[in-house]
Amino acid sequence: MFTLSSALKACAGIGLKELGRQLHCNLIKLNVGSDPFVHVGLIDMYSKSGLMNDARMVFNLMPDKDLIAWNAVMSAHSQNGEDMEALLLFPLMHEAGVGFNQTTLSTVLKSVASLQVNYVCKQIHALSAKSGFESDRYVVNSLIDAYGKCALLEDATRIFRECLIVDLVGFTSMITAYSQSGQGEEALKLYLEMLDRGIEPDPYVCSSLLNACANLSAYEQGKQVHVHVLKHGFMYDNFAGNSLVNMYAKCGSIDDAERAFSSIPERGIVSWSAMIGGLAQHGHGKEALRVFNQMLKYGVSPNQITLVSVLCACNHAGLVTEAQKYFRSMKELFGFERMQEHYACMIDLLGRAGRLDEAMELVNTMPFQADGSVWGALLGAARIHKNVEIGQRAAEMLLILEPEKSGTHVLLANIYASVGMWNNVAKMRRLMKDCNVKKEPGVSWIEVKDKIYTFIAGDRSHVRSEEIYAKLDELSERLSKAGYIPKVEFDLHDVERDEKEKLLYHHSEKLAVAFGLIATPAGAPIRVKKNLRVCMDCHTAFKFISKIVSREIILRDINRYHHFKDGSCSCGDYW
């Protein structure tokens, strides 16, 4: 029986589906197909070959299903992305009178993590504690991972800190949880703690850490992680390589992203998509399309995310005809149905080209109801081209779909202000007040000497606050001499012009840039991340500042990457 099980395992390992089926037939003929070890081997072989119907049939026909068989079929469903099926087997197992062990709990928690079902996560945790498995290393790591993916960070942290012995897997799960929750600084601290404990990293923890740096736009810290990747020889690993490309792109260094991409030995679709997306987001549309065509020549088929990046690249390069070709023939060329994201890209592209009527027509002919991304793209286009009618229509739909978002009110008010409809601007102010819509506070981040600094509008909490505001005053004078006029008409505060100018000068991204100017070496790029769309006044000011101080300012806002250099922006004033 051991030899037969080994043969089945070998078939599973090298993907020999037909040989596995023939072996199954021979086992039935030899009348050994009822042995439980053989059954488990068959379930494993079929599941690893992607034949889950066959795996489940073998399980269902078993006369006596023991714990190993239940664990095998649950694991099979989980590994094939059928997490709900795996989860539903757990109560059936209990009904069948079969107990469970740490393997069962770890498998169930893996599916819980994928499905992000919070209440089930807590139930399995309680069951683990009650059954004495809460201290098991595998269960602990699975609990940390599940709580992290369910966005229950406090629970994940508590389990992690209460655990007496934490291994690499536990650290990786916790670092990933911090990274995915936007707490990149905590992820970085935990990585240093891991190294202090003498635990060597692997490609997965480096990948999680690079994602944390990407979310923070922590370029310098990302470079340090890159050193660890090289030191430990992880560039062969696609997880680490792809995360490097993503990190450098999101930190605003597309040159570093290209170098990282070139050093990946075997580039899969994730690698290519990361590079194409990075180039597109930074406004290098033609270069992104060149890489896309290179990918096709290498025989790598795109996925839907790749095609979103391709349309985005066409947008930045002004290639309307090419975008329409890819958009219209997506099904024929690549076998994909168009998604909301593809429509949003096309509407953004048509809007950039000033073809708002075509954009509106495209929205009206969509085969499904447009979501917020589509109407948001249309509203953005209406703002750029000062089209009140289309702006109002897009805003109406957004207020229905996403009533909690203040950005819609602000953009519509900006459209009214751009055409001098001040009564409507006042109405928008009143509407926001009456509906208790609070504008989401702007927050900006900048990395200086391996530390992330956070700024909010009017912030004076920084230890170098006096220097920052002195730098802003100095810039104000130089900007005025250069011809810059504050765009107070786009500020919705009901105050006098002088007060509006003061409020505009104290926006979070301006404070971050001012700090960057006094805290970084002369000539070094200034990299800032903002949680909202950069306002028109800051965008205009940064173009002037980049020329006045001869510095490149790289700003990542919620929509795009802006490279301000020599008085212009890579976005072409469309964002």
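Note that Cβ sites are derived from N, Cα and C of the backbone, with glycine treated the same way.
Predicted, not measured: the structure shown is a model, and the values here were computed from it.
Broken down by DSSP into helix, strand and coil, the domain 'DYW' (483-575) contains 37 helix, 16 strand, 40 coil. The annotation domain 'DYW' is assigned in TrEMBL to 483-575.
What TrEMBL records for 66-100 (among others) is repeat 'PPR'. Nonlocal intrachain contacts for the repeat 'PPR' (66-100), taken as residues 6+ away from its ends with a CB within less than 8 angstroms of a stretch CB, comprise 36, 39-40, 43-44, 46-48, 50, 52, 55-56, 59, 107-108, 110-112, 114-115, 117, 120, 131.
The annotation repeat 'PPR' is assigned in TrEMBL to 167-201 (among others). Counting same-chain residues at least six beyond the ends of the repeat 'PPR' (167-201), those with a Cβ under 8 angstroms from any Cβ of the stretch are 137, 140-141, 144-145, 147-149, 151, 153, 156-157, 160, 208-209, 211-213, 215-216, 218, 221, 225, 228, 232, 452.
According to TrEMBL, the repeat 'PPR' annotation covers 268-302 (among others). Looking only at the repeat 'PPR' (268-302), the predicted model's pLDDT averages out at 94.
The repeat 'PPR' (66-100): residue composition by secondary structure is 26 helix, 0 strand, 9 coil, according to DSSP. Proximity of distant same-chain residues to the repeat 'PPR' (268-302), defined by a Cβ-Cβ separation under 8 Å and at least 6 residues beyond the stretch ends, is recorded for 238, 241-242, 245-246, 248-250, 252, 254, 257-258, 261, 308-310, 312-319, 322, 334, 560-561, 563, 570-572.
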